[in-house]
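Record features (Swiss-Prot):
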{"type": "BINDING", "residues": "Tyr34, Tyr168, Gln172", "note": "L-tyrosine binding site"}
{"type": "BINDING", "residues": "Lys233", "note": "ATP binding site"}
{"type": "DOMAIN", "residues": "352-418", "note": "domain 'S4 RNA-binding'"}
{"type": "MOTIF", "residues": "39-48", "note": "motif ''HIGH' region'"}
{"type": "MOTIF", "residues": "230-234", "note": "motif ''KMSKS' region'"}
Amino acid sequence: MNIIDELEWRGAVNQQTDEEGLRKLVEEKKISLYCGVDPTGDSMHIGHLIPFMMMKRFQLAGHQPVILIGGATGTIGDPSGRQSERQLQTLEVVQHNVDALTAQMKKLFDFGGNSEVKMVNNYDWTHEINIIEFLRDYGKNFSINSMLAKDIVASRLDTGISFTEFTYQILQAMDFHHLYTKEDVQLQIGGSDQWGNITSGLDLIRKLEGHEAKVFGLTIPLLLKSDGTKFGKSAGGAVWLDPEKTTPFEFYQFWVNTDDRDVVKYLKYFTFLTKERIDELAVKVETEPHKREAQKVLAEEMTKFVHGEEALLQAVKITAALFSGDIKSLTADEIEQGFKEMPTFQSSKETKNIVEWLVDLGIEPSRRQAREDINNGAISMNGEKVTDVGTDVTVENSFDGRFIIIRKGKKNYSLVKLG
C-alpha cells in the first residue's frame, strides 16, 4: 500500500484538502512536507507525538520531512483549542524551549541519509519583517470575514481574543508560504485543531504564487481513549518525552497499562509494526487478553523509539523486579525510577533499631504495631523479610548509600531516602 493508504488504514487521517490530488502527487514523486510545534514548554508530551509519527512514516517512505520549531509563533501564542489567552513568554524562555525541543526532535528522527530531515525555526524569516511589510505583503491577502469564520477564532468571540492571537493564523500561513517557496514544501500536517491555520496557508500561497500551486493540507483525528477522555494523560498528569519529567519506566508503564479496547488503535497510530503483526496482536487481545502481549509490545516499541534500547531494557528490568519482589537486583538509579511515585520518607544515615526507625519515619503508627508486623512477616527491607525486632538499620542496608525500600504487606512500598 502507498503512504496515504497506510495512513488511512492506521486511522490517522481526519481531513484532507484534496485527497485525490495528494494521492497522485505522492505516487508521482517524493515530496517535502512539514509539521510545526511551538516552544510553549521545554518538552513535548505524547500527545505531540501523533503528527510527528505521521512525519516519520513519510520519512520511511522516502519523503522529506521539514520540522518547524516556532521560535516566532511561540512568542505570540496559538489560540487553537483554548478558551483563554496564553501567558506570553520572554524571548529567553522561548529560546531555551526551542533548544530543548530541537534536541528531542533530533533523537526521534534520523538526520542525514536519503531522506534527510530538516529543522527550521520560523523566527529566522519573520523577525526582520516590519509592521508595514506585514500589513502590505501579507495582511492584505486576508479577509477579516474569513478569519472570523475560522473555528479557532469563532470559538473565542464570546470570551474575547486579542489582536495578537487573532493574527496567529497569518503567521502560520506565512510559514507555509516561506517553506513552499524556499524548501518546495507541498504538504502541511497538523492536529485536527489546525485545520483553519492550514487552510489559511493554502489560500495565501495560491494568492501569492498562483492558483495552480500544488499544495495540500492533512489533519489527524483527535485521539480519544475508549472512555471518551483525551489521550495523553496519566493519573499523574501529562506523559512527557523528557526523561527528567517522565522517567522511561513511567513512560513504559503508561503504555503497558493501555486498555484492551485501545491497544490495537495505539499500535496502528504509534508503532511501525506491519499490518500482519498488528493483526496477530489484535487476535491475542481477543483470545488471550490476560497475557497483555499487545500492551507489552506497544510499551517496548514506544519506549525504544523515544528513549532508546538501553532505557527500554532498564524499564523492563524494573517492572520485572517490582512484580517478583526481587528489589535487590536493582541499582540505585533504577530504584529512583521505579519508586518515584511511591510514598517517600527522609532518614539520616545514623544506625537505628528497625522498630524505632519505622515509627520515627511514620511508616508504622506505633512500636507495638511495628513489632507485630515484623513478627508476622509483614515487613520487608530491600526485598528481604525482616524477622527480628532487634534488627538494626544501617547505611550498609541501602542502595549505594541513597535508598532503602520498605514493603509493608504485599503491595505497600515506601521509598526511604538517606541523607
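In case you wondered, yes, glycine gets a Cβ from its N, Cα and C as well.
Of all the binding-site residues listed here (Tyr168, Gln172), it is Tyr168 whose C-beta has the fewest other C-beta atoms within 10 angstroms. Across Tyr34, Tyr168, Gln172, which the record gives as binding L-tyrosine, the greatest C-alpha separation is 18 Å. The Cβ of Tyr34 (L-tyrosine binding site) lies under 8 Å from the Cβ of Pro65, Val66, Ile67, Leu68, Val120, Asp175, Phe176, Leu179, Glu183, Val185, Leu187, Gln188, Ile189, each of which sits 6+ residues away along the same chain. The DSSP breakdown of the domain 'S4 RNA-binding' (352-418) into helical (H, G, I), extended (E, B) and coil residues amounts to 20 helix, 23 strand, 24 coil. Look at Tyr168 (L-tyrosine binding site): DSSP puts it in a helix.
Across the motif ''HIGH' region' (39-48), DSSP classifies residues as 3 helix, 1 strand, 6 coil.
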